[in-house]
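Everything on this sheet refers to the single structure shown next.
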Amino acid sequence: MSALSLALKSTCKCPMVFAQRIAVPCHRQKVNRRFAHQQKYVPRRAMLYVPGDSEKKIHKISTLDVDCAVMDCEDGVALNKKKEARETIASVLSEGKYDFGRTERGVRCNQVTSGFAEDDFKVLFGAKVVPDLLLVPKVDTVDEMEWIADKLKVYLGERQMGAPLNLIFQIESAIGLINLHQIILKGLEKSEDGVFHLTGIMFGSDDFCANIGASRTLDAYELTYVRQKIVVHAKAYNLQAIDMVQINFKDLNALREQSLQGSRMGFTGKQVIHPNQVAVVQTAFSPSEEQIQWATEMIEAFNEHQKSGKGAFVFRGVMIDMPSVLQARNIVQLVQELDLIPPKQI
Amino acid sequence: MSALSLALKSTCKCPMVFAQRIAVPCHRQKVNRRFAHQQKYVPRRAMLYVPGDSEKKIHKISTLDVDCAVMDCEDGVALNKKKEARETIASVLSEGKYDFGRTERGVRCNQVTSGFAEDDFKVLFGAKVVPDLLLVPKVDTVDEMEWIADKLKVYLGERQMGAPLNLIFQIESAIGLINLHQIILKGLEKSEDGVFHLTGIMFGSDDFCANIGASRTLDAYELTYVRQKIVVHAKAYNLQAIDMVQINFKDLNALREQSLQGSRMGFTGKQVIHPNQVAVVQTAFSPSEEQIQWATEMIEAFNEHQKSGKGAFVFRGVMIDMPSVLQARNIVQLVQELDLIPPKQI
Amino acid sequence: MSALSLALKSTCKCPMVFAQRIAVPCHRQKVNRRFAHQQKYVPRRAMLYVPGDSEKKIHKISTLDVDCAVMDCEDGVALNKKKEARETIASVLSEGKYDFGRTERGVRCNQVTSGFAEDDFKVLFGAKVVPDLLLVPKVDTVDEMEWIADKLKVYLGERQMGAPLNLIFQIESAIGLINLHQIILKGLEKSEDGVFHLTGIMFGSDDFCANIGASRTLDAYELTYVRQKIVVHAKAYNLQAIDMVQINFKDLNALREQSLQGSRMGFTGKQVIHPNQVAVVQTAFSPSEEQIQWATEMIEAFNEHQKSGKGAFVFRGVMIDMPSVLQARNIVQLVQELDLIPPKQI
């Protein structure tokens with residue numbers, strides 16, 4: 001694929017601001033520049049929930065080639081199994097019993113206001129080995145983000161870590177959506193302190209529907225506002241945006257359609273609740289062969305036209321100028337970021 | 001329907017926060033907790049406008065089995081009939097001429113800035129019997145909400161009331177939508193004082209369209225943002241959300257589709273402008289037999305699985321955990337709230 | 001068309017607040033009332049980009065009967081042609097070489113943070129004749145709006161102008177959308193100073209898609225939130241709202257559909273990148289014969305009913321009251337505003 005490498009090379013030479021997957025001009029990156037240089041892009045096209053109280057299911061993670069596994073202490077665990085879940089996760093990580101391979105090791109604690117969260121933190125972050133990623137459900141207020149930072153400081157204590165803990169929070173209520181911007185700003189402020197690294201926002205669709213009394217059809221038209229608002233807020237601050245779950249895990253065609261819809265909206269990944277959903281979702285959130293070819297050829301054509309002093313030009317019947325080129329560069333960059341994990345053909 | 005009563009019983013025993021139709025954790029209810037304990041849920045699936053100057057049409061209300069009737073002083077009344085409208089409503093209520101049955105007796109005043117509103121207040125709230133509900137159209141600013149509270153204090157005066165006057169306001173302009181959050185907060189603050197009880201937000205679609213220069217198609221795609229933003233803001237503060245009018249009153253199939261769409265989005269009711277629309281709308285905003293059966297069976301299954309220590313389980317081919325259960329409980333609770341008024345079969 | 005003139009006449013006599021295309025009650029107009037009296041409505045149904053470095057294409061503008069032409073220094077111009085572009089535009093305007101007829105003469109500078117913008121301002125506003133309209137791309141922050149005002153003050157200097165320079169800015173990123181309200185308020189504040197007259201907001205869809213990692217389908221469902229949020233914010237402050245570009249310039253049917261969709265949402269015009277798109281777009285953003293007839297007849301009927309003391313009435317099977325009348329008046333007013341430029345039949 002020499003056209004691709006050519007395109008990549010030429011974008012690097014370009015004097016214009018380089019377009020990232022989430023293209024953010026320099027003056028906007030201030031808030032989390034500190035981590036931008038430390039961290040490589042971690043793809044989370046699929047984030048798979050695994051009940052934290054099932055060592056058997058945790059064991060199975062390594063066979064699934066999933067970007068991120070979330071060992072759950074919250075809704076996937078019965079009330080009388082909360083203790084078992086957090087202790088199982090802590091011991092599995094600390095004893096290094098299983099090889100998770102390239103899969104990011106995440107945990108989901110219980111809601112800050114549930115009465116379970118502090119025990120989750122105590123056990124999970126007091127263990128010998130801590131997870132790569134913390135997912136916090138149902139974050140509704142700025143105070144809860146403050147609480148997360150305070151408690152992580154307490155329980156991670158003086159521990160030396162190579163990189164700060166990745167943090168993603170879930171928006172699952174109307175009030176959470178209203179407070180979203182303030183929660184993000186607080187999370188970025190706390191990220192500056194270095195206890196955690198806010199890396200994404202996740203949409204918890206089913207709790208959100210319960211909260212506002214909505215029910216969703218297959219195309220989820222009812223959730224247009226919330227999904228698109230979350231994407232805009234995530235991308236404004238260089239964060240990943242993780243789309244809703246498809247709980248009907250047997251209908252893979254519906255899953256594919258919904259995944260592609262989310263990807264087109266700007267989501268970077270999706271929650272899954274069954275191993276069979278992983279491959280479909282990870283493919284849907286990867287550029288297709290056609291897209292890669294379109295992008296590389298168009299960037300080449302653009303570079304040629306720039307040299308000859310032409311700003312706008314026609315490519316495959318469409319008028320191309322800078323914005324289209326930025327979109328092509330997004331694709332090329334994502335291919336680079338995913339290059340160790342080529343999408344499976346389904 | 002013993003499965004239903006069983007489900008209800010078991011939810012009451014559940015140690016988790018009880019999911020309301022609008023599920024709001026305790027720490028968010030502070031603003032209107034005062035009324036939460038005083039007031040039973042008042043369904044407003046259909047809110048029917050009746051011209052205030054037509055005693056004949058007011059008389060007819062009692063025959064319509066409608067949740068809420070709004071005797072209108074505003075757009076349904078000609079400029080030269082404003083006086084007649086407010087006086088007719090005041091005398092009908094005060095003389096107790098008609099039995100409205102279970103129907104809530106609402107009035108709509110004119111816009112605060114119209115020059116008519118103070119006279120409306122003077123006549124309507126100076127009368128011997130005052131309405132149950134005040135609907136204020138075209139609220140654009142926080143100042144207008146303040147005006148409403150101030151004037152109600154003046155005109156309700158020292159009157160002893162069993163419960164505060166229910167208040168719903170209409171969002172009908174772009175600037176009103178931009179100010180929505182602040183208007184709600186002011187309304188809740190004033191509710192704390194006890195003059196009125198802010199209970200809902202209504203979307204005035206046709207004035208809104210005129211204000212932004214929009215026109216709406218049957219599926220109202222053009223109004224996605226405004227409708228869904230209103231629902232989110234209403235539900236964040238435990239308020240009802242009342243959807244737009246269908247002015248083509250002869251097409252009941254279109255009305256049913258639009259009502260179901262609004263209900264799926266999270267609206268709790270809808271404005272109607274013709275008696276023929278009442279039954280269709282009230283049915284659309286009530287749970288169907290299938291939904292009730294699904295909900296009760298699923299809650300039973302969930303309770304069984306919790307006891308046996310299982311957090312997530314498969315029900316009718318779908319992965320169920322807490323969020324789906326919350327949605328089922330919404331349905332069961334709404335059935336309870338509506339139990340005196342079973343939906344008509346159409 | 002005597003029905004039309006009758007309708008117009010009778011609306012003028014109406015004691016109610018007159019409904020504008022963007023109907024804004026008086027108490028909301030404070031911020032830009034100053035210009036409201038100075039300026040006649042300038043239609044910008046189509047805004048055509050023309051590369052600033054191509055005098056040949058600039059010459060062609062006068063043959064196109066387009067509402068507004070935007071001579072471009074930004075994305076339509078290659079990096080090594082920026083200087084040529086701004087100098088060509090300045091000389092074309094100053095020498096008065098071409099008669100632009102009724103077409104508004106606009107220019108697009110480069111992004112404030114690009115390093116090119118100050119040179120653009122220096123050349124374009126230091127010239128003998130300045131453009132009618134300045135379009136500023138990718139405005140992301142309040143500071144950028146402040147910069148625009150400051151620099152315009154510097155480069156327009158003591159120049160005597162008949163009317164302030166019209167200003168439109170483009171929202172093309174997630175952070176720009178988040179800051180939109182503050183940017184507008186700053187723009188209106190600066191408009192009060194009289195250096196420029198903020199007159200519209202434009203949606204830069206393709207840069208926006210690149211910024212949030214979205215890709216758009218033909219119906220642009222993915223952009224529902226951003227498009228509708230922009231319309232609401234524009235109309236709340238009496239500004240024009242200019243919709244996205246259709247870069248596939250050969251498919252005029254798709255263009256017509258997309259234009260009509262934007263018009264229904266409340267956009268007042270659309271960007272075009274090819275002369276063939278002008279007529280389709282200008283027609284789509286003009287009232288149709290059917291709409292004009294509907295509006296004039298309905299206003300007549302309304303006036304009759306008002307006189308006879310009837311507020312709501314049935315017209316063509318639909319219940320009519322004030323909101324529908326306001327929509328009809330919008331149409332009638334737009335016909336007036338466009339009367340010198342009747343839409344071409346296509």
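Numbering starts at 1 and runs along the chain as it is shown here.
Heads up, the Cβ atoms here are built off N, Cα and C, so glycines get one too.
According to TrEMBL, the feature domain 'HpcH/HpaI aldolase/citrate lyase' maps to B:45-275.
For B:GLU172 (substrate binding site), the count of additional Cβ atoms within 10 Å of its Cβ stands at 23 [all protein chains shown]. If you look up TrEMBL, you'll see B:ARG108, B:GLU172 marked as substrate binding site.
Secondary structure at B:ASP207 (Mg(2+) binding site), as computed by DSSP, is helix. Residue density at B:ASP207 (Mg(2+) binding site): 26 other Cβ atoms are found within 10 A of its Cβ, drawing on all protein chains shown. The feature Mg(2+) binding site is assigned by TrEMBL to B:GLU172, B:ASP207.
The secondary structure of B:GLU172 (substrate binding site), as reduced to three states from DSSP, is coil rather than helix or strand.
Rounded to a whole number, the distance between the Cα atoms of B:GLU172 (substrate binding site) and B:ASP207 (Mg(2+) binding site) is 5 Å. Note on B:ARG108 (substrate binding site): other Cβ atoms within 10 Å of its Cβ, all shown chains, come to 28.
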